Amino acid sequence: MATSKDYYEILGVSRDADQKEIKKAYRRLARKYHPDINKDDPDAEEKFKEISEAYEILSDPDKRARYDQYGHAGINEEDFNFEDFAQRGFGGFDDIFDMFFGGGMGRRRRGPRPGADLQYRMKIPFEDAAFGTTKKITIPRTETCDTCNGTGAKPGTSPKTCPQCNGSGQVRYTQRTPFGQFAQTRTCDRCGGRGTIIDDPCPTCQGSGKVRKQRKITVKIPPGVDTGTRLRMPNEGEAGDKGAPNGDLYIIIEVEPHDIFERKDDDIYCEVPISFVQAALGDKIEVPTLEGKVKFTIPEGTQPDTVFRLKNKGIPHLNGRGRGDEFIKVRVVIPEKMNDEQKELLRKFAEISGDEINPEQKSFIKKVKDAFGVG
């Protein structure tokens, strides 16, 4: 992937934008930053790739759904192919027209506003990120007023049609341009674009149609999430105007560090201490995994800092089957103090090995430490 930026921000569209809006934004930006048009701008090509990548994901319903649910973690490298865009067409007089007049030309009415999106940052333990969990949270948000059912009017009364815009929410006006006179629209300042006026407001919400509440929500966290993963909960955001959908709730994950393991992508890493005798002779030891301790055989002659791999003992993949691996690095520990018997055995070992020991030479223990790369 060429970018880690928010695809919606790149195209300048909202998260509930339809395919027509997404395509229109893409064509406008692609025309603006196309490398053939901006040959003197060294940054144009990268900008064009960024725009194309955003459109490639957001124009595909399946890819867009995965991106909305998991963010960039839900998108694989093979989901994007920049070469496809070399053949895409840009053009049409309507695109140039949009650049002069901002699009729309009065064809679109505002309508009820959807609710705003919310974000909630959640810190979870390492193990919960690996295997998934369910959490209950409480968030403050606006909800539809139960007293007036979102109309904003006092029970027993109804909102009235705005006399200035006749319920359209917009008023029409004309504008003279170098191309002639054009009719355009703007939001009605009498009703604020709602198309209705409330003479007798609801006593609970004071006419807004919404109230502030503390809402308990159950969040299902899938296995494999990591710090920065974004989980989308549709329609759990702020309430929209009557007739419009709620916004979405985005759970931003932060994973707590682990005492033993470090994570890189879906692999985990840890360090296990062994004695120099175990390294030399080999041994069967217990090593930690996410599921608990397991038996592992250290082969004889193992060198310091050797890394062993346990397949499928890492983090489950977020968007598919299988898991990462666990990598175990052995740290050879040399004893700081030994009794006379232990020292004598090592001296005999040195003699058999052909190592000459005398006071003028560095001690055999120091040799062992040097051999195993420890101080």
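Keep in mind that glycine also has a Cβ here, set from the backbone N, Cα and C atoms.
Given the ranges 134-155, 222-243, the record in Swiss-Prot names 222-243 as region 'Disordered'. When each of the listed stretches 145-152, 188-195, 202-209 is scored by C-beta pairs under 8 angstroms to the repeat 'CXXCXGXG motif' (162-169), 188-195 comes out highest. Around the Cβ of C191 (Zn(2+) 2 binding site), the same chain contributes C162, Q164, C165, G169, I197, each under 8 angstroms and 6 or more positions distant in sequence.
Excluding C145, C148, C202, C205, which define the Zn(2+) 1 site, the same chain contributes D146, T147, N149, G150, T151, G152, A153, P201, P203, T204, Q206, G207, S208, G209, K210, V211 within 8 Å (Cβ to the Cβ centroid), listed in sequence order. Proximity of distant same-chain residues to the repeat 'CXXCXGXG motif' (202-209), defined by a Cβ-Cβ separation under 8 Å and at least 6 residues beyond the stretch ends, is recorded for 144-148, 150-155, 241-242. Listed in sequence order, the residues P163, Q164, N166, G167, S168, G169, Q170, V171, D189, R190, G192, G193, R194, G195, T196, I197 complete the 8 Å Cβ shell around the Zn(2+) 2 site centroid, once C162, C165, C188, C191 themselves are left out. Cβ environment of C188 (Zn(2+) 2 binding site): C162, Q164, C165, S168, G169, Q170, V171, G195 lie under 8 Å away, each six or more residues apart in the same chain.
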